[in-house]
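Annotated in Swiss-Prot:
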REGION    1-24  region 'Disordered'
BINDING   ASP73, GLU260  Mg(2+) binding site
ACT_SITE  ASP73  active site
BINDING   74-78, ARG86, HIS90, 118-120, TRP122, ARG124, ARG241, 247-249  substrate binding site
ACT_SITE  ASN121  active site, proton acceptor
Amino acid sequence: MATTRGKKTYPQLPPAPDDYPTFPDKSTWPVVFPEIPAGTNGRFARPPQHTSKAAAPKIPADQVPNHVAVVMDGNGRWATQRGLGRTEGHKMGEAVLIDITCGAIEIGIKHLTVYAFSTENWKRSTEEVRFLMGFNREVVRRRRENLNDMGVRMRWVGSRPRMWRSVIKEFDIAEQMTVDNDVITINYCVNYGGRTEIVEAARALAQEAVDGKINPARISEAMFAKHLHRADIPDVDLFIRTSGEQRASNFLLWQAAYAEYVFQDKLWPDYDRRDLWAACEEYVNRNRRFGRA
């Protein structure tokens, strides 16, 4: 529930009671999501607090990034550093994704988009590709009820060619289950590439022009945006990449045109909601000019 101080509104959830359930306990895999009290008075359930019991920093509503995009990088390196197979890093990243979802709700973010599998990832070994596709399917199946209880709206974003039908099926079920939720919208980018998205939009517009449905001279940015995978995804405010790498990697090229970039050194399996909050605090200190002086 948002609080008001003076003329400013703070959307952060208040600190949880000390005995409120915590997450994540990484001693087992899959990481177990704790039982949390059901929401009351038509509200959704409050997310479990972090195991550290840290609370989200107070940031005024007009300074909280509305849309945060995250490149979840470093799973393979995390596993290699520990003498494990790359897939073990991906497994440990599942709990981090759920944890930052909880943290995003606590701090007041309304849109979260995560890069789970790129169109370039098909170049990886057949074994890893098969694992990642199956893993995405199982994560959605395993976590959608927990996320639904917290008011999360789940959506898949990506290209259909080459995408496993079984993965699309699980996303479709999750989207139908959560379609009316309004606490936060999470876009899971699987088989997604920014250039591919733009090319597919251009192709659709070109076909409409050939069919005489539109005048090419009247094509605008707004018209183009309507042909992207999800026309209602807002522009990215904060773009986060973990693992210390500093590049966009073909992610949300159109939507992130004016995003603020924060690069954090932690590998994804070591990341948690406190790191997300730190990125939000850095975002607050940025001067967004949008081309103005």
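Each residue, glycine too, has its Cβ placed from N, Cα and C.
Considering only the binding-site residues TRP78, TRP122, the Cβ with the fewest other Cβ atoms within 10 Å is that of TRP122. Distance between Cα atoms for ASN121 (active site, proton acceptor) and GLU260 (Mg(2+) binding site): 25 Å, as a whole number. Reported as a whole number, the C-alpha separation between GLY76 (substrate binding site) and GLU260 (Mg(2+) binding site) equals 26 Å. Rounded to a whole value, the Cα-Cα separation of HIS90 (substrate binding site) and ASP73 (Mg(2+) binding site) is 10 Å. GLY76 (substrate binding site) falls within a helical segment according to DSSP. Ranking the binding-site residues GLY74, TRP122, ARG241 by Cα distance from GLU260 (Mg(2+) binding site) puts ARG241 first. All protein chains included, THR119 (substrate binding site) registers 21 other Cβ atoms within 10 Å of its own Cβ.
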